[in-house]
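Enquirer: Pasting a structure here, questions to come.
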Amino acid sequence: MSKYLVVGLGNPGLEYEKTKHNVGFMCIDELLKEHTLFLNNSKFNGQFVKVDQPEDQIFIAKPMTYMNNSGEFVYEICKFYKIHEQNILVIYDDIDTDVGKIRVKAKGSSGGQNGIKSIISKMNTEKIKRIRIGIGKPVHNLTHHVLTKFSAEDSIKVQQAIIKAKDACNEFLNHVDFDKIMNKFNV
């Protein structure tokens, strides 16, 4: 039986809800809603749902560690359930991608994003599949930028990007070749 983990990054708490840093959480919410699933497990300082299918076991999750320590949750759930690194897909915000765009990658460095940096460090590999959802470059302060909400205009673009990211997650979970997923969504 193959095991897969789709994890969206963000910060827990109402004060961070709908902020730019939480687009990974928002994507997970869309994925859960589409499949009528709920995060019904709390373990490893995170929340997740485990879905048993005939040939696969799927985990959809949100770390509750705060962004910068996301690797702790990912490492612990993967170790406990024996999820291989090639079966992990991480969704997170990216300041180097325009608002409303997504970038799908099979591996690479963190690009300075602390959540994926933590995961790369704890898992000891850059071979982590990921979907970066664009939040645009900050005008001034980076921390202020990622912890603020989107403008009304940008909210529409971001919601469309979240839907695309959710669709890419579904293709990953349906065993579509990852190169095909990248070619389809990196337009």
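Backbone N, Cα and C atoms are what each Cβ position is placed from, and that goes for glycine too.
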Enquirer: Given that Swiss-Prot assigns TYR66, ASN68, ASN114 to the tRNA site, pick the one from TYR4, TYR16 that the record assigns to that site as well.
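Expert: Of TYR4, TYR16, TYR16 joins TYR66, ASN68, ASN114 in the tRNA site that Swiss-Prot records.
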Enquirer: Quick one: of the recorded positions ASN11, HIS21, ASP93, which has its CA closest to the CA of ASN68 (tRNA binding site)?
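Expert: Closest candidate to ASN68 (tRNA binding site), judged by Cα separation, is ASN11.
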Enquirer: Hey, how far is ASN11 (site 'Discriminates between blocked and unblocked aminoacyl-tRNA') from ASN114 (tRNA binding site), Cα to Cα, in Å?
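Expert: Just about 12 Å between their Cα atoms.
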Enquirer: Find the one among the recorded positions TYR66, ASP93, ASN114 whose C-alpha lies closest to that of HIS21 (active site, proton acceptor).
Expert: ASP93
Enquirer: Taking the center of the Cβ atoms of TYR16, TYR66, ASN68, ASN114 at the recorded tRNA site, which other residues in this chain have a Cβ no more than 8 Å from that point?
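Expert: For the tRNA site, the extra neighbours are GLY10, ASN11, HIS21, THR65, MET67, ASN69, SER70, GLY115.
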Enquirer: Let's check the environment of ASP93 (site 'Stabilizes the basic form of H active site to accept a proton'): how many other CB atoms sit within 10 Å of its CB?
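Expert: Result for ASP93 (site 'Stabilizes the basic form of H active site to accept a proton'): 26 neighbouring Cβ atoms inside 10 Å.
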Enquirer: I need the CA-to-CA distance for TYR16 (tRNA binding site) versus ASP93 (site 'Stabilizes the basic form of H active site to accept a proton'), whole Å please.
Expert: 13
